[in-house]
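Below: one structure, written as structure tokens.
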Amino acid sequence: MRHIFSLLSIVCLMVKHGACLTLHQRDVPAVVSLDIKRSIVSDPVVRDRVRRKRDKTIGQTLDNAETLYFCNVTLGTPGQALRLVLDTGSSDLWCNAANSTLCSDSNDSCNISGSYDPSSSSTYAYVSSDFNISYADGTGAVGDYATDILHIGGSTLRNLQFGIGYSSTSSEGVLGIGYPSNEVQVGQYGKDTYPNLPRAMVDQGLINSNAYSLWLNDLESNTGSILFGGVNTGKYLGELQTLPIQKVNGRYSEFVIALTGVAFDSESHHKTYSSDALPAAVLLDSGSSLTYLPDSIVENIYRDLNVAYEPSSGVGYLPCKLAGNNINITYTFSSPNITVMIDELLLDAGDLRFRDGARACIFGIVPAGDSTAVLGDTFLRSAYVVYDIANNEISIANTNFNSTEDNILEIGVGPDSVPSATQVSHPVTSVVADGSGARIGAPTGASSTTVPSISSAGALSAGVARADKQYLAIALIAVWFVLGL
């Protein structure tokens, strides 16, 4: 699919030793474009808890799995193919070793994501045995740090440091592109940072500034793109507005910004929610399938939409037939407003149905419990986001869904930050965020929230049984509802 969607998949990341950014437009911008692609995940809440070119931009097409986004790279000499989860919420690239406990089992657990065999690469070099990543539910991987050659988006990075999982409970490798201060060896052992992927692109001259932009496109699209070192003005509406990233425990380590307002709109009424939880610190995390908001806000949204909420799993359900209705949730960040249509919030739940026979869809907003709120893919699909690590800023605009237009601008060095973006006047910064370290996915408190069942989850039934593996988990939950266990 990558060649089909190459026009949709350019992400600019240009890094130049922590300096500010200026607008550059030329025939061959310094960007690297990477395609990202979608892949189906049967239970996004459980999955979230598990994972919490001289052309100086580098772009990559992303696979859109409805709930997760993947990119294809090769590692080593000769290249070994890997499919990695794109994750802005962590900072290490890691993959499973071919002889790991997981990949060596009889279930072919690593067939889809691929694995890495150090002994088969002539450019492999051992670094340390400090790789030890864990996620909110206790899963993770333990192994070594190493360096090797990475081929990504038509560009080559030499001596890139990455993690190899020899003992692993996660079959999915990860392409972490967050702050270096969130790397495993920093958080686990207090060691110095190393140049992770975006930083290495700067150091090796592929891009000019440590920044990239992300365009996931809509739920129906198979692909999106990440553009290292630049922005693609054809992929968003209006203008980019720039906000400061908030410090976590006194340092810049995660993409946390201040959410100042949430509103509900339908054909019959408009409601702006008031809550003591606002303004709230929210983490922008492409590795989270769903969006996790403060409980009081979620309760209001669920009440207005009559969501059927099942507390033990932390999942809300709505009739799939609501897709296409004029219902929106709007998020405000001091000044910028990002509007998410109901179509982008209804995820396939297989054959799960309400008792009246209507198909049930997973609702893409769930309660955060006691943890920091997370704006995951059910938000990010509706936003074009520039992650400016060099200047500790986020630039954001409403996405231009299914755009075939490309206008790539290089992020250079200078005082003006992101190309064509304007600074938000007097942005809210009085929010407190607690860091969770390297993770992909849901807040740990999501399953024990006090949000009530606005509509009885017992209204759900199993519908017509299917044997498809991707629907098995949800079908079992549905049966559990029916039996009243």
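Every residue, even glycine, has its Cβ placed from backbone N, Cα and C.
Small disclaimer: the values here were computed from a predicted structure and weren't measured.
Positions annotated as signal peptide by Swiss-Prot, on the basis of sequence analysis: 1-20. Per Swiss-Prot, domain 'Peptidase A1' is recorded for 69-397. The N-linked glycosylation site feature in Swiss-Prot is assigned to ASN72, ASN99, ASN107, ASN111, ASN132, ASN328, ASN337, ASN402; the stated evidence is sequence analysis. Per Swiss-Prot, the feature active site maps to ASP87, ASP285. Annotation source Swiss-Prot lists GPI-anchor amidated serine at SER461, citing sequence analysis.
What Swiss-Prot annotates, mapped onto the structure for a quick look.
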residue	record	DSSP class
ASN72	N-linked glycosylation site	strand
ASP87	active site	strand
ASN99	N-linked glycosylation site	coil
ASN107	N-linked glycosylation site	coil
ASN132	N-linked glycosylation site	strand
ASP285	active site	coil
ASN328	N-linked glycosylation site	strand
ASN337	N-linked glycosylation site	strand
ASN402	N-linked glycosylation site	coil
Spatial neighbour of ASN99 (N-linked glycosylation site) that is closest, considering only the recorded positions ASN72, ASP87, ASN107, ASP285, ASN402 and their CA atoms: ASN107
Cα-Cα distance linking ASN328 (N-linked glycosylation site) and ASN132 (N-linked glycosylation site), given in Å to the nearest integer: 41
Cβ atoms near ASN107 (N-linked glycosylation site) (within 10 Å, other residues, all chains): 9
Cβ contacts of ASN337 (N-linked glycosylation site) (under 8 Å, same chain, 6 or more positions away): THR330, TYR331, ASN398
Close recorded positions near ASP285 (active site), where close means Cα within 10 Å, chosen from ASP87, ASN107, ASN111, ASN328, ASN402: ASP87
Pairwise CA distance, ASN107 (N-linked glycosylation site) versus ASN402 (N-linked glycosylation site), rounded so that it is a whole Å: 37
Which of ASP87, ASP285, the listed active-site residues, has fewest other Cβ atoms within 10 Å: ASP87
Residue among the glycosylation sites ASN111, ASN132 whose Cβ has the most other Cβ atoms within 10 Å: ASN132
Rounded inter-Cα distance in Å - ASN111 (N-linked glycosylation site), ASN72 (N-linked glycosylation site): 14
Residue among the glycosylation sites ASN72, ASN99, ASN328, ASN402 whose Cβ has the most other Cβ atoms within 10 Å: ASN72
Rounded inter-Cα distance in Å - ASN402 (N-linked glycosylation site), ASN328 (N-linked glycosylation site): 19
Alpha-carbon spacing, ASN72 (N-linked glycosylation site) to ASP87 (active site), which is rounded to whole Å: 13
Confidence summary (mean pLDDT) of the domain 'Peptidase A1' (69-397): 94
